[in-house]
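For reference, the structure discussed in these notes is given below.
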Amino acid sequence: MGAFTEKQEALVNSSWEAFKGNIPQYSVVFYTSILEKAPAAKNLFSFLANGVDPTNPKLTAHAESLFGLVRDSAAQLRANGAVVADAALGSIHSQKGVNDSQFLVVKEALLKTLKEAVGDKWTDELSTALELAYDELAAAIKKAYA
């Protein structure tokens, strides 16, 4: 991977700001998208036991945390050229048995959600920046499995 640019980091940050503009709504978009593609993912998230509920603070907190991690991943890539995930993230994902196909479902849901959040500001360049940031975050989480 080439260097993550300042512009790419700014694009990721702008999508984060758009997401923060309506976290409950975009959390619903995100988790609904995940469950449409992988209904069994419901078992990985305790707060989805009763479906996607925008008033559930755990649902919105988890979405906000994940989207924030992608933003942080972009910042790490720009500053250091690599992403280091907290060992606890690796541990919980390992315990839950999260696999590559599930990381892909989350990535697709993240992109779909942020595309809706940014509206007509969506570009291929933004998509690429988000994909790089997410992919490097996912790789760092998987590396922390050990």
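Glycine too: its Cβ is placed from the backbone N, Cα and C atoms.
Pulled from Swiss-Prot:
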- Ser46, His93, Lys96: heme b binding site (BINDING)
- His62: O2 binding site (BINDING)
- 3-146: domain 'Globin' (DOMAIN)
- Tyr26: nitrated tyrosine (MOD_RES)
- Tyr31: nitrated tyrosine (MOD_RES)
- Ser46: phosphoserine (MOD_RES)
- Tyr134: nitrated tyrosine (MOD_RES)
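Distribution of Swiss-Prot features across the structure.
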residue: Tyr26; record: nitrated tyrosine; CB count, 10 Å: 22
residue: Tyr31; record: nitrated tyrosine; CB count, 10 Å: 26
residue: Ser46; record: heme b binding site; CB count, 10 Å: 9
residue: His62; record: O2 binding site; CB count, 10 Å: 18
residue: His93; record: heme b binding site; CB count, 10 Å: 20
residue: Lys96; record: heme b binding site; CB count, 10 Å: 12
residue: Tyr134; record: nitrated tyrosine; CB count, 10 Å: 26
Top Cα neighbour of Tyr31 (nitrated tyrosine) in the set of binding-site residues Ser46, His62, His93, Lys96: His62
Candidates Ser46, His62, His93, Lys96 (binding-site residues) - the one closest to Tyr26 (nitrated tyrosine) by CA: His62
Shortest C-alpha distance to Tyr134 (nitrated tyrosine) - which of the binding-site residues Ser46, His62, Lys96: His62
PLDDT averaged over every residue in the domain 'Globin' (3-146): 93
Spatial separation of His62 (O2 binding site) from Ser46 (heme b binding site) - C-alpha basis, Å: 11
Residue distribution over DSSP helix, strand and coil in the domain 'Globin' (3-146): 115 helix, 0 strand, 29 coil
Cα-Cα distance linking His62 (O2 binding site) and His93 (heme b binding site), given in Å to the nearest integer: 14
Binding residues Ser46, His93, Lys96 (heme b) - maximum C-alpha distance in whole Å: 14
Environment of Ser46, His93, Lys96, the listed heme b site - residues of the same chain whose CB lies within 8 A of the CB centroid: Leu44, Phe45, Ile92, Gln95, Val98
